[in-house]
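> According to TrEMBL, the protein has these features:
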type	residues	note
BINDING	Glu71, Asp87, Leu89, Asp214	Mg(2+) 1 binding site
BINDING	Asp90	Mg(2+) 2 binding site
Amino acid sequence: MPDNLVKSKELKVALEAALEAGKILERHLETDIIKSMKHDKSISVLADGESEEMIKKIIFEAFPEHSILGEETGMTGQESDYVWHVDPLDGTRNFAHGVPFFCVAIALEYKGELRVGVVYNPATRSLFYAEKNKGTYLNDKRIFVSKDGEVHSMITVSRGKKPSDEKLFRELMHDLPIHNSVSIRDFGCAALDLAYVAQGALEADVQLGLNSYDFAAGALLVLEAGGKVTALDGSPWKFPDNHFIASNGIFHDVLVAEVKKQKEKLNHE
Ligand code: IPD
Ligand code: CA
Ligand code: CA
């Protein structure tokens, strides 16, 4: 497969939307970041609303008949089998603290199948994208998952907000080190964690109960980069199930067994 893929209109639109939204995030980073608290005590910044507005404008101009599920504005547009999953700013807390580990995440789903995924970190100018059956790219270069086994591997855990997921998260962070040289991290930006699994920087990411827009784009990046995505118990994963393990495939089964052990300990369903 050539390094430069022939991009579909859907991918081109998603890339344009991510780059334009990225400019908005950059502008906010350079000025005062105005923070407020959401009802669930998570943080919100002005930038995410503006970013989502821009993404929706660009997608609806190109595809007025599609629907968009955005974190800030919910489901909008026509009822359609084509649904865009949009996180206009993933890693809000990092962004609010000026830590350059945040991104825009945009994915297109058609009847449960992920067709397009884009993750863009404007702070590092890292533009990850994938199309179903066409591979994963970082700044127009094809990328693949790592070939490392569990020794010296780095794993991230991305957690949602349910108390049972929070408990499992704590256990995994504490007990997962299968081997002394395995590092476990929570970088606070689920979409980018998955992008780094696709790039081969991380060996795996465990997702515990996030929203579709947090992981849709990243999951496709991992799959198209040659990685493996399964439910926590190793059974086949189906979008939009939000508990899963995404890895380079090499020590996937070891990880599944470890997560199972922790789940049994906690009676996590
Ligand atoms: C958050 C990030 C983080 C995850 C949080 C999410 P946001 O998204 O993806 O990794 O642990 O649960 O809410 O709020 O920064 O878009
Ligand atoms: Ca998010
Ligand atoms: Ca967000």
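Note: Cβ is positioned from N, Cα and C throughout, glycine not excepted.
What TrEMBL says about a protein is an automatic prediction, not a curated fact.
What you see is a predicted model, and the numbers here were worked out from it, not measured in a lab.
So that I understand the layout, could you describe where these features sit and how close they are to other parts?
Long-range Cβ proximity for Asp214 (Mg(2+) 1 binding site), meaning a same-chain Cβ under 8 A and a gap of 6 or more residues, is found for Asp87, Asp90, Ala105, Ser158, Ala190, Ala191, Gln207. DSSP assigns Asp214 (Mg(2+) 1 binding site) to a helix in the three-state reduction.
Taken residue by residue with DSSP, Asp90 (Mg(2+) 2 binding site) is part of a strand.
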> Within 8 Å of the centroid of the Cβ atoms of Glu71, Asp87, Leu89, Asp214, which other residues of that chain place their own Cβ, given that this set defines the recorded Mg(2+) 1 site?
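These residues sit around the Mg(2+) 1 site: Asp48, Val86, Pro88, Asp90, Thr92, Ala105, Ala191, Asn211, Tyr213.
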> If you run the three-state DSSP split on Glu71 (Mg(2+) 1 binding site), which class comes out?
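Glu71 (Mg(2+) 1 binding site) sits in coil per DSSP, no helix or strand.
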> Near ligand 3, which of the binding-site residues Leu89, Asp90, Asp214 have CB less than 6 Å from any of its atoms?
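Result: Leu89, Asp90.
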> What residues, ordered by sequence, lie under 8 A Cβ-to-Cβ from Leu89 (Mg(2+) 1 binding site) and sit at least six positions away in the same chain?
Leu25, Val45, Ala47, Asp48, Ser51, Phe95, Phe102, Cys103, Val104
